[in-house]
Amino acid sequence: MFLDELISEFDRGLRSMTGVSRMSRPLPVPQESKVTEPAVELSPAERAHAAGLMRVNHVGEVCAQALYQAQKLATKSPSLRAVFDRAAIEEEDHLAWTSKRLEALDSRPSLLNPLWYTGALAIGLAAGRMGDRVSLGFMAETERQVELHLDSHLDELPAADHESRAIVEQMRVDEAEHGKAAMEAGGLELPFPARALMRAVSKVMTRTAYYI
């Protein structure tokens, strides 16, 4: 049973790093009521900026896969395994969506994805070893910071890039739900030093992934 689960998670990890992700939900599309700018072709500079932002988002989803896989393997609680598994499935949707958008923008994922994945896996295992409530608190804080990060991307994306905006908006909704679920399952509020360290690591990752 454990071996089967380990093989399944290994397969998911390979797909995360290689960009071969499965969607359980269709790609979000712009809603007419939210489109405030006419459909126009993005300039080369706008496409490059949008691609950089979506590459950062894609890296975030690679890390999310690793984190939740590790936390799922670390807990002995069936109910918490279900929480992490559901989040991982929805994060895999995000992974596939951002990958598709990068292709449409004639761009590529980060070349450092194996590094990001490995680092996040180690962090997830460390969080899991601190106990279920700390692990859930880590999940909630991760999602809270990702939500703020997505808000900033909605401010930065070109106004005419409706496709990227639709993806980011749905991702934001999902991340908020994941964070709420983690706290409702018993997550502990992390101390300020831990939250500050997470923000610092996130800044390094986002600044690097935008370009590489």
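Using N, Cα and C of the backbone, Cβ positions are placed for all residues, glycine too.
The 10 Å shell around the Cβ of GLU91 (Fe cation 1 binding site) contains 28 further Cβ atoms across the protein chains shown. Annotated Fe cation 1 binding site per Swiss-Prot: GLU61, GLU91, HIS94, GLU175, in sequence order.
What Swiss-Prot records for GLU91, GLU143, GLU175, HIS178 is Fe cation 2 binding site, and it gives sequence analysis as the kind of evidence.
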Listed in sequence order, residues not in GLU61, GLU91, HIS94, GLU175 with Cβ within 8 Å of the centre of the Fe cation 1 site Cβ atoms: GLY60, ALA64, GLU90, GLU92, ASP93, LEU95, VAL146, MET171, ASP174
Residue pair HIS178 (Fe cation 2 binding site), GLU91 (Fe cation 1 binding site) - Cα distance, angstrom, rounded: 10
GLU61 (Fe cation 1 binding site) CB neighbourhood, other CB atoms within 10 A: 24
